[in-house]
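Database features (TrEMBL):
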- A:8-123: domain 'Semialdehyde dehydrogenase NAD-binding' (DOMAIN)
- A:Thr15, A:Gly16, A:Ala17, A:Val18, A:Arg43, A:Ser44, A:Ser162, A:Gly163, A:Asn326: NADP(+) binding site (BINDING)
- A:Arg103: phosphate binding site (BINDING)
- A:Cys132: active site, acyl-thioester intermediate (ACT_SITE)
- A:Gln159, A:Arg245: substrate binding site (BINDING)
- A:His252: active site, proton acceptor (ACT_SITE)
Number of protein chains: 2
Amino acid sequence: MEKKDGYHVAVLGATGAVGQQMLNTLEQKNFPISTLTLLSSPRSAGKKLLFKGVEHTIQEVNPDSFSGVDIALFSAGGSVSKEYAEHAVRHGAIVIDNTSAFRMEESVPLVVPEVNEQALLKHQGIIANPNCSTIQMVVALEPIRQKYGLNKVIVSTYQAVSGSGAAAVDELYSQTKAIIHNESYEPAILPVKGEKNHYQIAFNAIPQIDKFEENGFTFEEMKMINETKKIMRLPDLHVAATCVRLPVATGHSESVYFEINEEGISVQEIKDLLATAPGVILQDDPDNQIYPMPADCVGKSDVFIGRIRKDLDELKGFHMWVVSDNLLKGAAWNSVQIAESLINLGIVK
Amino acid sequence: MEKKDGYHVAVLGATGAVGQQMLNTLEQKNFPISTLTLLSSPRSAGKKLLFKGVEHTIQEVNPDSFSGVDIALFSAGGSVSKEYAEHAVRHGAIVIDNTSAFRMEESVPLVVPEVNEQALLKHQGIIANPNCSTIQMVVALEPIRQKYGLNKVIVSTYQAVSGSGAAAVDELYSQTKAIIHNESYEPAILPVKGEKNHYQIAFNAIPQIDKFEENGFTFEEMKMINETKKIMRLPDLHVAATCVRLPVATGHSESVYFEINEEGISVQEIKDLLATAPGVILQDDPDNQIYPMPADCVGKSDVFIGRIRKDLDELKGFHMWVVSDNLLKGAAWNSVQIAESLINLGIVK
């Protein structure tokens, strides 16, 4: 089957933190686009954005916005996705949804191309992009699972505020500036927009991302747990997560403990494996203080891994430190990668 | 035996971040002092400090500085401790050392009064104050160990820069200010003073505290591992640590996974236990977004615990979030508490 020269791509939520990165990524990766339709809520409709030097006017989304669209990238929040995904599918578009609206639905592939690209073949119109903190972890764990099996994962995250949107980044910087200048600042967004209480994020760490579930875990933590099992096709994997928000604008970090199924594997074997793994850049040289940090990962598509150590007690246990740009591999780049896979697999024609 | 009205106390390293907090703590807790001798390196000698409204001149330390001293609080770095501890002991003082110089020596009690106060009875002149990140964790774990046993601990830390001294705090604020105002700033201290490379800490997370050991763990991580086993008298405890520096001035946080020896214990039972544990304040009410944060712990002596959850797979496993002021319970307050215990146990007369 011949590939087309270009596809009709729609971006819903074009003005958000992730939407902006989607447009940047489509441009930088030179994604084959014949027509680009930018869509948003009424609030942002009418705004103009440049794409490859050409001005595009953002249109208010409506049920018929998706007529003729091949691929629709959604990142305007879960309720918007729930309202418009069926309309996009009805018009023949394939939806790549960056919200949590459909991720755990059995009929919806939840895809990280380095891990489970083939799951796309079973799509029924909607494909879900996983949570940012899940994506970078499974990219790191999948090569290990393939070679040595995977039995247990305990992760503590160090997450950037841009995961809460552009307004949260503004809050971080405005609040930091206020504190530095001894001025007052009333937190209004973090940890969770719309929750009762808001806390200082500058020079602080907040152990809450998203709302609490009945079991004491946050929704973010449960997303990491459930999505990891689904993407890696390991329903019985032991996974636990503690998710923490930091005064970092962009770049999620993760302290990951994992147990494989084999004994006697060395740190060097894990390093050799990850050094050539897809989507991974190994930065692990303690003698020269080389390890990944969020400040270094911004604007890069890869998942950076370092500080790989063998546990001192558990023969099958290892520790590692995983860092990635949460707006790129954690969102925009993974979505565009899914779109590329749809073309390469002949799913979008 | 009668207690004296006051003791001759010497503070070595009085101008440092911890030394300052020791003086504040001695003052606030109204420690019984008859004579206060402030000591330092030649660099700070001659400076004047107020204690209870009275001006004290800092003297340059020498081998005979400790004549007549009952209790000597050391926090001027490991090499200074190694040089002067024997002189202090020779003069009959009991040294409470806040550096890592003697912590792992078998003849030196490593003490957190809530956990192992009785170890003081076997002292031979030197008592070691544990590492800040270790102290708050063992205060949280000890009541659990006593009631349910303790088998495994995996901790990821979120540590404040004041653990690297007052100059590191200056670096955090100066660098933050520079970034906010789009000015350049050359990191010179963090992650480790004297190491080859220095990295941005503002709006970043650095997975290195102290130097690397041959096994890939940092010295800070090995301190947490080895000190925890020694303080809790559990040489076979499985402990692993990943230590990370954050853009937070004061207040260490820890994401702690632990396994007890019993099955069937509920989160409520752990909460009830910790709610009345010595030195602990339970802040754990997810419905009202109540959990500890470093910004809230500054200036407080307690260890704050929240986010207690039962692991979803491991029947003996739990997660918790532990926060404390690293300069107080992590250093100055624990040292002064040891001094109080020395008096209460009749060791210092």
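The backbone N, Cα and C atoms fix where each Cβ goes, glycine too.
On the structure: features taken from TrEMBL.
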{"residue": "A:Thr15", "record": "NADP(+) binding site", "Cβ within 10 Å": "19"}
{"residue": "A:Ala17", "record": "NADP(+) binding site", "Cβ within 10 Å": "22"}
{"residue": "A:Arg43", "record": "NADP(+) binding site", "Cβ within 10 Å": "9"}
{"residue": "A:Arg103", "record": "phosphate binding site", "Cβ within 10 Å": "22"}
{"residue": "A:Cys132", "record": "active site, acyl-thioester intermediate", "Cβ within 10 Å": "28"}
{"residue": "A:Gln159", "record": "substrate binding site", "Cβ within 10 Å": "26"}
{"residue": "A:Ser162", "record": "NADP(+) binding site", "Cβ within 10 Å": "25"}
{"residue": "A:Arg245", "record": "substrate binding site", "Cβ within 10 Å": "26"}
{"residue": "A:His252", "record": "active site, proton acceptor", "Cβ within 10 Å": "29"}
{"residue": "A:Asn326", "record": "NADP(+) binding site", "Cβ within 10 Å": "30"}
From recorded positions A:Thr15, A:Cys132, A:Ser162, A:Asn326, the one whose Cα lies nearest A:Arg245 (substrate binding site): A:Ser162
Assigned conformation of A:Gln159 (substrate binding site) - DSSP reduced to three states: strand
Structural state of A:Ala17 (NADP(+) binding site), classified by DSSP into three states: helix
Residues A:Thr15, A:Gly16, A:Ala17, A:Val18, A:Arg43, A:Ser44, A:Ser162, A:Gly163, A:Asn326 [recorded NADP(+) binders]: greatest CA to CA distance in Å: 25
Candidates A:Ala17, A:Arg43, A:His252, A:Asn326, namely the recorded positions, that fall within 10 Å of A:Gln159 (substrate binding site) by Cα distance: A:His252, A:Asn326
Shortest C-alpha distance to A:Arg103 (phosphate binding site) - which of the binding-site residues A:Ala17, A:Arg43, A:Asn326: A:Asn326
DSSP residue counts for the domain 'Semialdehyde dehydrogenase NAD-binding' (A:8-123), split into helix, strand and coil: 35 helix, 32 strand, 49 coil
